[in-house]
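Only one structure is covered here, and it is reproduced in the block below.
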Amino acid sequence: MAVIYYDKDCDLSLIEKKLIGIVGYGAQGHAHAQNLRDSGLKVIVACVEGGRGWKKATADGFEVMCVAEMAKKADIIMMLAPDTSQAKIYKDSVEQGLKPGKMLMFAHGFNIHYGQIVPPSFVDVTMIAPKCPGYMLRQVFTEGAGAPSLIAVEQDASGKAKELALAYAKGIGSNRAGILETTFAEETETDLFGEQAVLCGGTTSLVKAGFETLVEAGYQPEVAYFECLHELKLIVDLMYQGGIAYMRDSISDTAKYGDFTRGPRVINEDTYETMGEILGEIQDGSFAKEWILENQAGRPVYNSLRRMESEHLIEEVGAELRSMMSWLKKKK
């Protein structure tokens, strides 16, 4: 049974006198920093000097400095730079600022779990991972609600790492929605699997396969786009709101019967076997090794695949159709 913490389990006073340093002011960084500040906590931000994050954090009223300076000053250091940058940032600028009594925090376990960052034994190492994008973490906080988070403790040098992490979670508003206890290993492996097999890799491959099947059978690409991509949001929103059963109760009986009888033919035993292989590559570290080496080599495979995918017909058709949808506003 999952252990979930709520407001009664979180004591904000534990970190009220501590200085919190946020590394990065991007998608998650801005939300963490602003929520913590609005909770009455002391926050400083570390970014690349003169960069977009530096300018934005300064405009938002934060004291901004280089990472090395922040690491010396802060009692709690939350690593919110991109995963692929964190190991270098840590080695170059954070490690030398760590002292007994400090806590190093993460919002994703990749670098700790796969040994890219190895903190000294005298610091607490914890994770608070909000289960939503940064803009939503900020939005629900300003509305008086909160987003759920995962909590994990990798090192408890102080003897109160969990309590301190729970206080941080309250600072960003997760006490209002629930803070589920996990481990760095479980968070990392399930997060990667979800991205690869379902949320990103699985979904985009399914959408493209459906689109290509219809187009190759002679149907208009525009109609195929609507049926296989555009309407996906309607179904996902229903599942998000009330689960799979709620979604099925909200669609026609014809759609439901097709779901029950044809869905398992698309996602079949072969798919389960492949999913197991993908999970195995995550668990044994082979995916992490592949991705780390890809970055070290300058991302040749990544860049080639990204370019190829951007040229898919579904992108051309989608751009044309979306340009006529006045309610869609492209984010700047």
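Glycine residues also receive a Cβ, built from the backbone N, Cα and C atoms like all the rest.
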Completion exercise
Joining TYR25, GLY26, ALA27, GLN28, ASP83, THR84, SER85, GLN86 at the NADP(+) site recorded in Swiss-Prot, out of GLY134, GLY144, GLY146, is GLY134
Fill in the blank from the handout: Taking every residue in the domain 'KARI C-terminal knotted' (183-328), the average pLDDT works out to 98
Completion exercise
Cα nearest ASP191 (Mg(2+) 1 binding site) among recorded positions (TYR25, ASP83, HIS108, GLU227, SER252) -> HIS108
Problem - For ALA27 (NADP(+) binding site), nearby residues of its own chain (Cβ under 8 Å, 6 or more apart in sequence) - result: PRO133, GLY134, TYR135
Practice task
Write out the long-range same-chain contacts of HIS108 (active site), meaning residues 6 or more apart in sequence whose Cβ is under 8 Å from its Cβ.
Solution key: ASP83, MET127, ALA129, GLU187, THR188, ASP191
Exercise for the section: Return the residues near SER252 (substrate binding site), defined as same-chain residues 6+ apart in sequence whose C-beta is under 8 angstroms from its C-beta, sorted by sequence, else 'none'. Expected result: none
